[in-house]
Amino acid sequence: MRKATLLPELRIYHLFRAKEGPSPGGGSYQVARRENGNSIPESTNRNCDRPDQEWNKKGSNQRPTKQIEMKALSLLSGGLDSILATKIIQNQGIEVEGVSFTSPFFTADRAMEAADSLGILFHTEDIANEILSLLKSPPHGFGKGANPCIDCHIVMVKRAAALMPKIKASFLITGEVLGERPKSQNRWALGVVEEESGWGNYLLRPLTAKNLAPTLPETKGWVNREKLLGIKGRSRRPQLKLASELGIKKFPTPAGGCLLTDPIFSQKLKDLLLRGKINRNEIELLRVGRHFRLGKNSRLIVGRNEKENKSLLELTTPDDFRLQVVSFQGPISLLRGEIDDNTLLKAASITCRYSDAPRDGATVVCYRVSGKEKKCLQVLPLEDEELGLLRTGRNV
């Protein structure tokens with residue numbers, strides 16, 4: 001196997017209360033929650049047959065002298081496909097651990113729930129820096145939104161492969177299905193991930209394996225290829241039927257999970273990318289409030305509720321302007337970028353528009369920068385027609 005670099009600060013979870021129960025690979029084991037590098041519980045009474053044997057070096061005709069403990073690492077999204085892929089490998093008597101990834105655009109929450117239901121150890125990896133770097137110019141482009149799915153999958157496979165030596169796993173599995181997603185799961189895209197990750201021969205896709213060339217786990221006999229599937233296309237019927245057969249009743253819908261596929265969020269992000277500014281703080285701001293482009297290098301974010309107002313206060317940097325209506329209930333607004341008098345007046349008018357102030361009269365809006373003395377303006381609410389021209393991500 002290709003040597004992989006181990007990653008620092010590995011987070012690992014065991015998702016059970018202490019108890020005794022049957023393990024996926026046979027036998028019994030004691031399980032308890034483990035986190036942040038603590039020891040992993042050892043399995044006991046593991047006497048199931050493994051698909052790979054270490055043969056005596058004196059000759060291939062001799063019987064096996066040692067049984068190899070086979071283990072797979074499953075890239076869990078938390079969706080039905082990755083759950084089924086994991087279950088198929090478990091049913092071949094192979095131990096499986098799960099890994100999922102976090103960034104400002106997606107969490108590992110659904111994957112953690114899936115690992116819990118599957119009874120497997122679970123790891124999380126933060127790939128925020130890699131994704132933020134990809135967004136500037138993804139080598140294989142975007143999907144319908146701002147989602148660089150192919151390049152993101154390459155990153156995930158590389159990071160999962162780097163984890164394999166740490167947990168003594170022999171190969172990777174995913175829930176991908178040929179033709180299920182036109183951009184990222186066509187034959188060409190799957191091949192790109194295999195080649196550019198450098199781990200294609202160790203990357204098994206149990207749901208669609210019979211549509212693809214055999215991988216090392218299949219040719220070496222670690223898994224039984226005949227027990228893998230040949231699902232392809234966008235229909236969900238085969239997966240739903242298999243879930244019923246395997247007794248899997250709880251799983252999330254296929255849609256959702258990644259903000260980069262959300263049309264509204266994608267518009268906001270692409271607007272930001274055009275200005276060449278992207279960091280964690282900027283990304284977190286995209287998740288909050290109504291966004292308005294007031295100039296080439298200035299934008300306004302208006303809170304929609306108390307929770308978002310609080311988030312805006314937490315995300316404020318020293319150079320940001322904070323605006324708020326004085327005598328009426330209303331939002332907190334954050335103004336960022338190159339600010340002149342006209343920009344400030346327009347920001348105050350928008351803030352006034354989303355308050356309880358009357359539409360037919362002037363209202364006082366105050367602003368402050370980094371703890372400096374508060375100043376106030378008297379403005380009229382901005383008209384809806386102009387609001388629609390300035391807003392990014394959604395019509396008024």
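Glycine residues also receive a Cβ, built from the backbone N, Cα and C atoms like all the rest.
Features as listed in TrEMBL:
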- 37-46: compositional bias 'Polar residues' (COMPBIAS)
- 47-57: compositional bias 'Basic and acidic residues' (COMPBIAS)
- 71-207: domain 'Thil AANH' (DOMAIN)
- 289-387: domain 'NFACT protein RNA binding' (DOMAIN)
- 20-64: region 'Disordered' (REGION)
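Residue counts for the domain 'Thil AANH' (71-207) under DSSP, split into helix (H, G, I), strand (E, B) and coil, are 63 helix, 26 strand, 48 coil. For the domain 'NFACT protein RNA binding' (289-387), residue counts in helix, strand and coil come to 27 helix, 34 strand, 38 coil, using DSSP. On the 0 to 100 pLDDT scale, the domain 'Thil AANH' (71-207) averages 97 in this prediction.
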